[in-house]
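I have placed the structure first, in the form of structure tokens, so that the comments after it can refer back to it.
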Amino acid sequence: MDDTFFATDEENRPEGQVLEAKCRARFLKGSAWKFRRVLWQIRNRTYRDALIMLEFMPWRACRPVLCALRSAAANAMNHYNMDKSRLYVYQCRADRGPYSKRMRPVSKGQAHPYRRRSTHLTIVVREMTDAEMAAAPSNLRRSEGEGQVVMQVSTTDSSLGICSGLAHEEGAQELLIDSAQEKTARRTRQLLLAARLAFFFSHGLLIVCASVALGWETNTSWWQIFSPAWLGDALCVVLVILSWFGSCPYIHLCLQERQARLGDNNPSILTDILPDIFMGVLSLVYLILALVAEILLCRYLDELRASQRAARTPTACATARLTGFTGVEKHRGSMPLGPSAPRPGFGQFLILVSLLTCCRGVCISTSGELFSCLGAGALGSSVLGLLLPDGPFSTSAWVLFLPWLAAVLALELCSSLRLQRLRAVLCREEVILRMAEQVILFVVLLSLLAIIFEVSAFVQLGAVHAGAAGVTLGSGVCALALLRGRMAVTENRFGALSERLLIADIRGEVNPSSMRSSVISGVGAEVPLANASMASHM
């Protein structure tokens with residue numbers, strides 16, 4: 001496809017001259033008459049109406065015409081800073097191209113000649129003036145007081161109104177339905193996000209189970225207590241492996257089209273999808289290390305519980321009175337492995353997993369504060385756990401919760417600052433979700449304080465109260481995972497926050513009412529397009 005631009009630069013063109021952008025596609029397969037019956041339908045129509053009609057008309061020639069129209073609109077936006085919402089098809093024609101002679105075998109050994117025709121397609125778009133926008137038959141008007149463009153569906157175009165507002169393009173919503181392969185463009189990132197949320201949710205359930213077992217002194221084995229975390233790890237491994245192949249249909253389509261990306265809203269396979277696949281491979285390594293660390297931790301805690309039970313037997317108590325030793329030692333060779341002895345590799349694996357989490361938060365800005373704070377908290381607890389001489393169930397074990405207390409406090413501050421910075425570009429649902437996140441983080445902070453007071457020797461709240469605080473802590477972690485998932489769904493519906501911030505920075509001011517209302521009904525659609533003009537100048 002050969003794209004051609006004409007008209008001089010804006011500062012050199014004569015006064016009154018209208019800028020035009022043209023796309024010329026040559027040597028397309030098909031007769032010119034088959035293209036002309038498509039062009040008759042879109043001539044003098046707005047860009048959005050033409051997109052809808054080309055998407056749903058049944059003719060094979062609609063696809064090349066659609067590609068040429070989008071190319072012309074991209075030329076107008078990138079080279080002349082035109083607004084796509086104001087474009088219309090000024091001129092379109094299909095000229096005859098060269099043809100090749102072929103023979104078709106028929107009955108009685110005969111051969112009938114036929115011609116394979118080709119077509120040269122030319123589409124010219126212009127930008128409508130304010131007067132033309134007011135008188136345009138495209139049913140686009142400005143809503144009063146909202147700064148939005150509202151799609152009004154007439155009786156003649158009611159069959160096309162149901163498909164409006166189904167895809168986004170450059171800050172506006174382009175009325176075009178993606179193909180089945182294009183719908184898989186973001187599947188890799190979505191599966192990785194689902195794996196991350198499943199990891200947090202399962203470990204929140206682990207905290208709940210451990211708090212119930214310790215607070216109410218049940219006889220549940222540690223291997224049973226850790227089962228939610230291991231089920232979550234197994235689910236995460238499956239999701240991570242599926243993420244490697246989630247966007248393969250879209251990648252195959254891009255390779256067929258010999259392009260790095262298709263459309264203005266789809267991600268690039270070089271800068272978006274392939275880095276996500278690489279992060280998926282690293283995530284699998286991270287999950288394996290985390291699973292090994294959890295198994296070693298579970299083994300350590302189970303042996304610790306068994307040694308404590310053995311120390312309470314009558315034989316052990318009599319031996320302790322005779323020898324003056326209050327603990328129980330297990331000998332493997334010549335190395336004592338009592339409750340206070342560290343387990344080889346247990347702390348090292350935890351430190352390695354914590355360092356990987358911190359590196360993820362530092363190197364990647366997406367959810368960077370979450371990973372940085374959690375990694376720092378896990379790293380601090382792991383180092384302090386190795387330094388404690390009496391094990392995690394001693395009276396000095398309350399220091400293990402101090403790094404997590406600092407991590408949750410840092411998350412609370414980061415969440416508050418992020419809400420203040422993004423409040424102008426967030427919709428009402430996103431604001432409510434982020435405020436709920438701050439409330440849950442505050443509850444988690446209070447739960448950690450209650451656990452620290454219980455474990456320490458200063459205040460004794462009782463095991464039941466500490467168990468209730470632990471259940472509240474684990475429930476808060478699960479609720480945070482669910483809130484993060486809902487935030488991701490809402491952001492996918494309203495657009496990425498980075499794009500909205502970029503538009504707001506270019507514009508210099510943001511109209512919150514234009515960002516906080518988007519109603520899509522079955523017949524018509526109210527589409528927020530207040531920032532579409534600024535997106536076209538990017």
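Glycine is no exception: its Cβ is also placed from the backbone N, Cα and C atoms.
A TrEMBL annotation is a machine prediction, not a hand-curated record.
Straight from TrEMBL, the features:
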TRANSMEM  193-216  transmembrane segment
TRANSMEM  228-253  transmembrane segment
TRANSMEM  273-297  transmembrane segment
TRANSMEM  345-363  transmembrane segment
TRANSMEM  370-388  transmembrane segment
TRANSMEM  400-419  transmembrane segment
TRANSMEM  439-459  transmembrane segment
TRANSMEM  465-483  transmembrane segment
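Recorded stretches compared: 193-216, 273-297, 345-363, 370-388, 439-459; the one with the most Cβ pairs under 8 Å to the transmembrane segment (465-483) is 193-216.
For the transmembrane segment (439-459), the partner stretch with the most Cβ pairs below 8 Å, chosen from 193-216, 345-363, 400-419, is 400-419. Tertiary proximity for the transmembrane segment (193-216) is limited to same-chain residues at least six positions away from its ends with a CB under 8 Å from its CB atoms, namely 225-229, 231-233, 235-236, 239-240, 243, 283, 287, 463-471, 473-478, 480-482, 484-485, 488.
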